[in-house]
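**Q** The feature active site, proton acceptor is assigned by Swiss-Prot to Glu98. The domain 'Radical SAM core' feature in Swiss-Prot is assigned to 104-332. Sequence annotations record features per position, and here Swiss-Prot assigns disulfide bond to Cys111-Cys337 based on sequence analysis. The annotation [4Fe-4S] cluster binding site is assigned in Swiss-Prot to Cys118, Cys122, Cys125. The annotation S-adenosyl-L-methionine binding site is assigned in Swiss-Prot to Gly165, Glu166, Ser195, Ser218, Leu219, His220, Asn294. For Cys337, the entry in Swiss-Prot reads active site, S-methylcysteine intermediate.
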Amino acid sequence: MTQSFKTPTQTPLLGLSLAKLTEWVQQQGQPAYRGKQLYQWIYQKGAKSLADITVFSKQWREEISNFPIGRSVIHHRSVAPDATVKYLLKLSDGNIIETVGIPTYKRLTVCVSSQVGCPMACDFCATGKGGFSRNLEAHEIIDQVLTVQEDFERRVSHIVFMGMGEPLLNTKNVLAAVRSLNQDLGIGQRLITISTSGIRDRIRQLAQHKLQVTLAVSLHASNQRLREHLIPSAKFYPLADLISECREYVKITKRRISFEYILLASFNDLPDHARELAKNMRGFQCHVNLIPYNPISEVDYQRPTQEMIKTFANALAEQNIAVSIRYSRGLEANAACGQLRASRV
């Protein structure tokens, strides 16, 4: 079925493939080669509007100037001492989302949002405290990556869907964005991580696409009781069922799963918790990523001591579970894991 482009508000051009952009320019009465030019200006030269594309005639630029590419505006930008940058991006409808650029010597990672706000309301996370507005469209996800790439003036190498929102409650647009980021920006699927708190049947559905992305499951607890306290939706999705679905995912995709585990002092950080967690991890390809808690003002959780963090990690390692400790970047800019919310810092 041929996609129609009759009105300026119908389809932002960002996210469309070369073939679709070629179709679009032909529908506007232009030769097919203009499609490649448009593609290059959108994905490689960072055009914010069609009026920016100087290889097009002035007359045609004026005729198509109201058709949206689909770019956001940087509403606010804050930089942490470790060079991590947090962006508040203003969307076309006025909503604000957060994106984080995390540079190292060899990498530039972008932490992207998949929703405006988050409906999951995890007890330790700032994003859920602000409520939920809507899903992001695919072009609004792609735009976040382009924004960071242009601001840093270097190529993005890795993408993590660990910003605002639950990606598997917006699977259609997240997968469309992943395909475009892979095909149009040249970012390998294995360098893209999709994080989820665990939505019944969605991990199984994701497995059917047989993507080479990394799946990160936010577990955060070693048993059902603790998990229900941290993640309200866990009441409707028993831990045993979630682990079973994760095992099925690994079997189908042949890809290792990463389990994210936020360490909260005197709540889920004891060696007994580690041993209980290990029982769930045996028998399939997985890795546990420990995240020392990053404080937010709304709750009273505390970060464990360095000694407790290492003790927990060692307890997992003794059970032959692959484990690492992730010390979040951007803490001073409120850009670390669990701190994202659409507000200035």
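Every residue, even glycine, has its Cβ placed from backbone N, Cα and C.
Keep in mind the model is a prediction, meaning the values are calculated, not measured.
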**Q** Inside 10 Å of the Cβ of His220 (S-adenosyl-L-methionine binding site), count up the other Cβ atoms and send me the figure.
**A** 26
**Q** So which recorded positions out of Glu98, Cys118, Cys122, Cys125 end up within 10 angstroms of Ser195 (S-adenosyl-L-methionine binding site), measuring C-alpha to C-alpha?
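**A** If one measures from the Cα of Ser195 (S-adenosyl-L-methionine binding site), no recorded positions come within 10 Å, so the answer is none.
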**Q** Helix, strand or coil for Glu98 (active site, proton acceptor)? Use DSSP.
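**A** DSSP assigns Glu98 (active site, proton acceptor) to strand.
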**Q** Going by C-alpha positions, which of the recorded positions (Cys111, Cys118, Cys122, Cys125) is nearest Leu219 (S-adenosyl-L-methionine binding site)?
**A** Cys122
**Q** Do any of Glu98, Cys111, Cys118, Cys122, Cys125 (recorded positions) have a CA within 10 A of Glu166 (S-adenosyl-L-methionine binding site), and if so which?
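**A** Hits: Cys118.
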**Q** What are the sequence-distant neighbours of Cys118 ([4Fe-4S] cluster binding site), meaning same chain, six or more residues apart, C-beta distance under 8 angstroms?
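**A** The answer is Cys125, Thr127, Gly128, Gly130, Phe132, Met164, Gly165, Glu166.
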**Q** Among residues Gly165, Glu166, Ser195, Ser218, Leu219, His220, Asn294 annotated as binding S-adenosyl-L-methionine, what is the maximum Cα-Cα distance? Answer in Å.
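**A** Farthest-apart Cα atoms in Gly165, Glu166, Ser195, Ser218, Leu219, His220, Asn294 are separated by 19 Å.
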**Q** Quick check on the binding-site residues Ser195, Ser218, Asn294: which one has the highest count of other Cβ atoms within 10 Å of its Cβ?
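**A** Counting Cβ neighbours within 10 Å, the top one is Ser218.
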